[in-house]
């Protein structure tokens, strides 16, 4: 490992990234049949969803008007009609669960929606001819509810499939359809009841609901490219084992497996591994002496890791095996294994152990009936006080208008990060609960109107944000499973409490007791939401206990690994398990083999490159906080808890796609403890749900918060540094550029920026290092294909293709010539310029692609190497680390050389020969500690 000093030169045009859709070179030229999202027929799907939600949500919200008429026409009790409502709610939840888990396997979304629309309309048609109120249990409670469930769930799933970059906009517009339906349909129903009576109104509403079938006909199934759709690959995992190396020093068998979270994610993947004898990976905790395993066939579309459903990224997990003692195998009985396997085919059962999710289920049980049923019972409550029918309909309209306003307002607050999501939902539920508890004061139309308005503004917040609460609790990859489970909780709560509300009305003669029940549930739910930090700490404790127990059972030493054909396994661990760095097992095997052949085997680590929670550094405190809505973890050496210290704001790597503050916990702890500084590790949001510039904006916001609140955290504001590795190095360089170009009033300047093998440009993917590590057979843990995929998702909004970008077709000749001086291979050391083979001739650009991404390619805040010389001169002191086995090696060299020519006193370059991209996170490598020591020494000299 050698260390040198170096840096940069010249101009660039600054511009905002382009968000325009483009077509591909040819119909099949998009990356591995990337779906035709955000364009064309997707907008027809959005229109159909908007119409469908207009009818479904509007009808469900207006049922209170029919509730009053059913009481009058059938001369029945409120509790009897409430039973109908309870069964309707239960049937909706029950049907939705199986439709979303099983129905989509056998029927297309269009088929489900069209049949669902027909059944829902049929339910209302039969309502019109119901001989008794009991018949409504079948027509309204079963038929209509199951029809709505069959239409609603698949439509939302299909909408998410057709939209990617504009998914948030699409879902907002679709929900606007529901809000408008809640606004208009009550007025329509009131008019129909006054004009045609109950039966006529039900017949006309039935006819309107048949339009769901028409809307479903527009929902063309999402079709992938035929070649990829039908190209099913047999993925083979071969275990490399040698009998003479399968024992440890003491003769005991070694076992290596995935971490608990990896096993859980594998359980939800619906894939089985065939072994000898046949068992399922899903029920095995470790696997014994099997020499070959073959995964079931996977369609090409199953390997699309970056689609709209976050769980797809966890469809496959990295699996490693070693010959182990059979006694280590799971002690589950065959019946238990069968039950687990069957259950995990439906959903990931492991999230039921998550304390945060358990608390969310309790919150849902208490809050959902108050959030959903209030508007249903306001009309009959107002009727008890002789409010005229036309004004009762107006109450529903007032609530709908306020709901429309509230949805957009609350969404804006949630996205702004002003309040944490659970706190925001808690505040709104508290207001709604207090309003319900004040029900004895509602005696006239103005008071009921005030209550309806209050409920409209805050009552629907729970339904708007509970999917995000699920993501906060169990992660994006488990969102669908969390929704399936929470649907059942909602169904139970609504079924039981809708009956109780009607029953209390019957035995007390008023709705006061009913609304007290609603208020109590909402207020207790508020308490649960504000207890979320306690649940999170309990969950962290549980996870740490499981991880510690798991790894302590594993022995040290060399472990034979599985080589997974045709799969780049580094992509599969989307979010990274806690305290664990996931590496590309296949590439790592090649890497170590090549080093062995080169007699450079001093870097032969244990492949279980993880710290358990009991291994992390002592003498250090860490706390999780939120800076302007952004989660951070703050580390401080215990010995300096009362001292004012320098600080580093650290942005983790992971291609902007995966990893977390948990995965980087050992590294950030080491930096804090050894350098005796405060480290703030930033948990920015990830691609593909959030694209550039979201990550940069969050890192900027968190960094500015540190400067503004330095005194609070006992930080010296004049000695604050920033840093990051890989994608995090890109963010650090961009934050440094922003701070130097747009200084904030009353904020100190950044003292130092640390860039560890950063991503700095997207102009030229044929630099020598990109050519040298162009495929997975190289010794780098990162290859050109991976890096292009990450850049395409982050900066190019998935507009390009691997084939086009790798040949520089995304850049026109004019753009390349204009900005070549900023990414000039001539600035590389001579010996580096000779590597990677001959530079291929520049391909003809894809004009559509190059025009679409040009502004992003030359944007210095996306790719800091595109900054002008004047901008680089203003940067703080910079420490760049470049590794030899890394496609990003050359842009780090060029950036350093440009800076050296401009401000030589501000740049220091460390070139780590013989090491690969990611060395700072490969904790068991022998050279890991020395690289951290070098970084710490630089910080001590310059902070």
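Even glycines carry a Cβ here, placed using N, Cα and C.
Remember, TrEMBL labels are computer predictions, not curated facts.
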308-328, 329-349, 392-412, 539-559 - the one TrEMBL records as transmembrane segment: 392-412
Leading contact stretch, 40-60, 80-100, 424-442, 448-471 vs the transmembrane segment (483-503) - CB distance under 8 Å: 80-100
Selection from 169-189, 359-380, 392-412, 448-471, 515-535, the stretch that has most Cβ pairs under 8 A to the transmembrane segment (80-100): 359-380
Dominant neighbour of the transmembrane segment (392-412) in 40-60, 201-223, 359-380, 448-471, by Cβ pairs under 8 Å: 448-471
Average model confidence [pLDDT] within the domain 'Alpha/beta hydrolase fold-3' (648-795): 91
Summary of DSSP states over the domain 'Alpha/beta hydrolase fold-3' (648-795), given as helix, strand and coil counts: 57 helix, 25 strand, 66 coil
When counting Cβ pairs under 8 Å to the transmembrane segment (359-380), the leader among 40-60, 112-130, 142-162, 448-471: 448-471
Helix-strand-coil residue split for the domain 'Alpha/beta hydrolase fold-3' (855-920), DSSP-based: 30 helix, 19 strand, 17 coil
For the transmembrane segment (112-130), distant same-chain residues with Cβ under 8 A (at least six beyond the ends): 52, 56, 59, 99, 103-104, 136, 138-140, 142-152, 154-155, 158, 198-200, 202-203, 205-207, 209-217, 219
Which of 169-189, 201-223, 424-442 contacts the transmembrane segment (40-60) most, counting Cβ pairs under 8 Å: 169-189
